[in-house]
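The following features are taken from Swiss-Prot:
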TOPO_DOM  1-15  topological domain 'Mitochondrial matrix'
TRANSMEM  16-34  transmembrane segment
TOPO_DOM  35-40  topological domain 'Mitochondrial intermembrane'
TRANSMEM  41-66  transmembrane segment
TOPO_DOM  67-72  topological domain 'Mitochondrial matrix'
TRANSMEM  73-105  transmembrane segment
TOPO_DOM  106-128  topological domain 'Mitochondrial intermembrane'
TRANSMEM  129-152  transmembrane segment
TRANSMEM  156-183  transmembrane segment
TOPO_DOM  184-190  topological domain 'Mitochondrial intermembrane'
TRANSMEM  191-223  transmembrane segment
TOPO_DOM  224-232  topological domain 'Mitochondrial matrix'
TRANSMEM  233-256  transmembrane segment
TOPO_DOM  257-261  topological domain 'Mitochondrial intermembrane'
Amino acid sequence: MTHQTHAYHMVNPSPWPLTGALSALLMTSGLIMWFHYNSMSLLTLGFTTNLLTMYQWWRDVIREGTFQGHHTPIVQKGLRYGMVLFIVSEVFFFAGFFWAFYHSSLAPTPELGGCWPPTGIIPLNPLEVPLLNTSVLLASGVSITWAHHSLMEGNRKHMLQALFITISLGVYFTLLQASEYYETSFTISDGVYGSTFFMATGFHGLHVIIGSTFLIVCFLRQLYYHFTSNHHFGFEAAAWYWHFVDVVWLFLYVSIYWWGS
């Protein structure tokens with residue numbers, strides 16, 4: 001590394017890919033044990049090792065990029081391409097759920113009663129909690145943009161305030177979604193409506209939790225002065241992800257809650 005004559009980051013050997021793979025094996029095996037034998041010990045072990053791996057791996061990435069200066073402009077360009085491709089893969093992930101929903105709803109089979117929602121299903125009112133959830137996520141999209149512009153202008157105080165508001169709105173959305181699930185009259189096992197509804201909105205809720213975690217890490221990093229107006233890709237990637245989550249929810253609201261009800 002001392003005689004490096006190029007701008008690329010030659011990554012040092014790391015144990016985290018191996019521990020990450022092992023934790024994934026433990027989690028998938030643990031899920032099977034939980035489903036079939038009602039034992040959560042293997043799942044808990046896998047989840048714990050996965051969390052530890054993520055923490056230590058991203059800790060190393062922060063050290064390399066923030067303190068050791070390995071994230072040169074050309075490395076950041078590669079990271080940007082990687083984040084864009086990751087979000088594109090997520091788009092296709094959710095496209096599968098929308099495909100399943102529209103495939104079932106546009107031509108409901110006789111088993112469903114020939115109508116949508118299927119006979120016996122009482123859908124949620126789209127003008128109640130779902131509309132509030134939409135307002136909350138749209139407001140969080142505004143506040144994350146405010147945080148980004150504040151960071152670009154070097155206004156640390158406003159950046160922290162806007163980021164805190166965004167995190168609070170994300171947590172509020174998650175609580176609203178949980179309360180909505182608690183009040184539904186149908187379950188994930190209630191045919192194709194229940195399965196598509198809970199899979200699509202559930203995975204979106206998981207993405208909101210992941211995005212909120214990203215933003216909390218960015219908030220803590222900003223407290224320690226990790227970001228500058230021209231070197232803040234970690235925050236930028238989290239903001240892109242949050243906007244993606246925001247847009248997916250709009251499609252979910254229009255498709256499943258409003259049109260689908």
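Each Cβ is built from the backbone N, Cα and C atoms, and glycine gets one as well.
In this chain, the transmembrane segment (129-152) lies apart from the transmembrane segment (41-66): fewer than three C-beta pairs between them fall below 8 angstroms, excluding pairs fewer than 6 positions apart.
In the topological domain 'Mitochondrial intermembrane' (184-190), helix, strand and coil residues by DSSP number 0 helix, 0 strand, 7 coil. Most Cβ pairs under 8 Å to the transmembrane segment (233-256), among the stretches 41-66, 73-105, 156-183, belong to 73-105. When Cβ-Cβ distances below 8 Å are used as the criterion, the topological domain 'Mitochondrial intermembrane' (106-128) is approached by residues 180, 183-186, 190-194, 253, 257-258, 260-261 of the same chain, each at least six residues removed from its ends.
For the topological domain 'Mitochondrial intermembrane' (106-128), DSSP puts the residue distribution at 4 helix, 0 strand, 19 coil. Counting same-chain residues at least six beyond the ends of the topological domain 'Mitochondrial intermembrane' (184-190), those with a Cβ under 8 angstroms from any Cβ of the stretch are 120-122, 124, 197-199. Packing against the topological domain 'Mitochondrial intermembrane' (257-261) from elsewhere in the chain are residues 101, 105, 116-117, 123-126, 130: each is 6 or more residues past its ends and has a CB under 8 Å from a CB in it. When DSSP labels each residue, the topological domain 'Mitochondrial intermembrane' (35-40) comes out as 3 helix, 0 strand, 3 coil, counted as helix, strand and coil in that order.
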